[in-house]
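Here is what Swiss-Prot says about this protein:
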- CYS30-CYS124: disulfide bond (DISULFID)
- CYS51-CYS117: disulfide bond (DISULFID)
- CYS195-CYS212: disulfide bond (DISULFID)
- 69-214: domain 'SCP' (DOMAIN)
- 1-22: signal peptide (SIGNAL)
Amino acid sequence: MTKIDLLARVFVIATIIALATAVDYYKLKCPPKTKHTMCIYGTNSHPSRNCGVVKGSGPTDQEKREILKEHNDYGHKVASGEEKRGVNGGQPAAKNMEDMTWDDELAKVAQTWANQCTINHDKCRSVSRFSVGQNLASKSTTGNDFPPVVELIQLWENEVSDFDKNNIKSLPASGISKTGHYTQMVWAKSNKLGCGSIKHHKDGWNKHFLVCNYGPSGNYLGQSVYEV
C-alpha cells in the first residue's frame with residue numbers, strides 16, 4: 001500500500017466517524033418542532049457575532065478543575081447537612097449524593113451553546129446515554145478582568161436561600177421557579193458534568209457566560225432531589 005493510499009484510507013475512515021457522530025445527534029429525540037443544538041450549529045461551531053469581541057472561548061484546564069471542585073465541594077456541604085440556608089431552616093443531609101465527574105461530550109454540547117451568547121436555555125441538548133439538564137450564568141464587570149468562574153457557580157448555590165427543605169422528597173413546580181439551578185447542582189442522580197464558557201466584551205462590559213450541562217438530567221417534578 002502506498003503512502004497516498006494509506007492517507008486516503010485514513011481520510012475515509014475519519015470522514016465516516018465524523019458523519020456517524022453528526023448523524024447520532026440527528027437520531028436523538030427532541031421536543032416537537034425543535035432541533036438538537038449540535039444539528040443547528042454543527043460540531044465545530046465558533047462564537048456568534050452576537051458575542052461582540054470574544055476574549056476567550058471555553059474554560060481553561062484550570063477552570064475545568066475549579067468548576068468540578070466547586071460542584072463537588074458544595075455537594076459535600078449539602079450532603080453532610082452543613083448548608084444552613086433555606087426556607088424553614090437549613091437543608092437536610094443526603095444519603096445518596098455522588099461526586100460528579102467531568103464529561104467531555106456534555107462539555108462539547110455546552111460549549112456549542114455558549115458560543116451563541118444567548119442567555120436562554122437551548123431546546124434540545126440530550127446525548128445518547130441520557131437526557132441532559134442545564135444551568136446558565138452570566139456576570140459582568142467594567143474592570144480589565146473577567147469575573148472568576150467560581151463566582152458564577154456560587155450564584156446557583158445562593159438560590160438555596162429560597163428553597164424549602166420540605167420539598168426535597170418531592171419537587172414541586174414552585175420548587176424550580178427560583179431555585180432550579182440549585183436543585184440541579186445537588187440532584188443526586190446527576191453525576192456527569194460538562195461546561196462551556198465565553199469571555200467577551202460587549203456594550204462596555206467584560207462578560208463571562210457559563211453553560212453547564214448535567215447528566216442524567218435533574219429537576220423532575222414529583223421526584224426527590226436526594227434521599228434524606
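The backbone N, Cα and C atoms fix where each Cβ goes, and this holds for glycine too.
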Point to revise | Chain-internal residues near CYS212 (disulfide bond), provided their CB is under 8 angstroms and they sit 6+ positions away | key: ILE67, ALA110, GLN134, ASN135, LEU136, ILE153, LEU193, GLY194, CYS195
**Study point:** For the domain 'SCP' (69-214), the mean pLDDT of the predicted model
**Key:** 96
**Study point:** DSSP helix/strand/coil residue counts for the domain 'SCP' (69-214)
**Key:** 49 helix, 36 strand, 61 coil
Check your understanding: Where CYS30 (disulfide bond) and CYS117 (disulfide bond) are concerned, what is their Cα separation in Å, rounded?
Key -> 22
Review point. Minimum Cβ neighbour count within 10 Å among the disulfide-bonded residues CYS30, CYS51, CYS117, CYS124, CYS195: which residue?
Key: CYS30
Point to revise | Pairwise Cα distance for CYS117 (disulfide bond)/CYS124 (disulfide bond) [Å, integer] | key: 16
Review point. Where does CYS51 (disulfide bond) sit in the DSSP three-state scheme?
Key: helix
Revision key, fill the gap. Taking only the CA atoms, the spacing between CYS124 (disulfide bond) and CYS51 (disulfide bond), expressed in whole angstrom, is 21
